Amino acid sequence: MQKQIEIFTDGSCLGNPGPGGIGVLLRYKQHEKQISAGYFLTTNNRMELRAVIEALNTLKEPCSVTLHSDSQYMKNGITKWIFNWKKNNWKASTGKPVKNQDLWIQLDQAIQRHHINWQWVKGHSGHIENEICDQLAKAGAENPTLQDVGYQPE
């Protein structure tokens, strides 16, 4: 039987683009782990994606995951849009290249070994775990130490 893991994620950007951060809260039974990281120059959507990638890559074995995020972009992208993007050689319905393709590929790889129940939560609505992740993401954005490799300014 796979471990039942609850994951909460958030991304933040001070300016868009600007310094950004990720916030992650992983919960297994009574154990919790928090992750915060900051990037010098990025976008809010890249931080939302990176938060989920970082969370899933932290898991050492296949798990049954309930993943909570306030990002409709991330949730719709991984549960709806990615199938056509892959079929269309990473082109959006407009014919233009999919933005953040590098991270979508990483996220697609990260989900393969897990069973994931995707849950959208309304941001800034008093959801305790989402608020914790928001604080972690903002702290990362305020103290960036990493390059967002793959970020392509427009």
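Any Cβ shown, glycine's included, is placed from N, Cα and C.
In Swiss-Prot this protein carries:
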- Asp10, Asp134: Mg(2+) 2 binding site (BINDING)
- Asp10, Glu48, Asp70: Mg(2+) 1 binding site (BINDING)
- 1-142: domain 'RNase H type-1' (DOMAIN)
(request) Please list residues from the chain of Glu48 (Mg(2+) 1 binding site) whose Cβ is under 8 angstroms from its Cβ, counting only those at least six apart in sequence. (result) Thr9, Asp10, Gly11, Ser69, Ser71, Tyr73, Met74
(request) Check Asp70 (Mg(2+) 1 binding site) against DSSP and tell me helix, strand or coil, would you? (result) coil
(message) Using a 10 Å cut-off on Cβ-Cβ distances across all protein chains shown, tell me which of the binding-site residues (Asp10, Asp70) has the largest neighbour count.
(response) Asp10
(message) For Asp10 (Mg(2+) 2 binding site), which of the three DSSP-derived states applies: helix, strand, or coil?
(response) strand
(request) Enumerate same-chain residues with a sequence separation of six or more from Asp134 (Mg(2+) 2 binding site) and a Cβ-Cβ distance below 8 A; give 'none' if the list is empty. (result) Asp10, Ser12, Gly23, Gly123, His124
(message) Quick check: in three-state DSSP terms, what is Glu48 (Mg(2+) 1 binding site)?
(response) helix
(message) Other than Asp10, Glu48, Asp70 themselves, what residues in this chain have Cβ atoms within 8 Å of the centroid of the Mg(2+) 1 site's Cβ atoms?
(response) Thr9, Gly11, Ser12, Met47, Ala51, Ser69, Ser71, Met74, Gly123, Asn130, Cys133, Asp134, Ala137
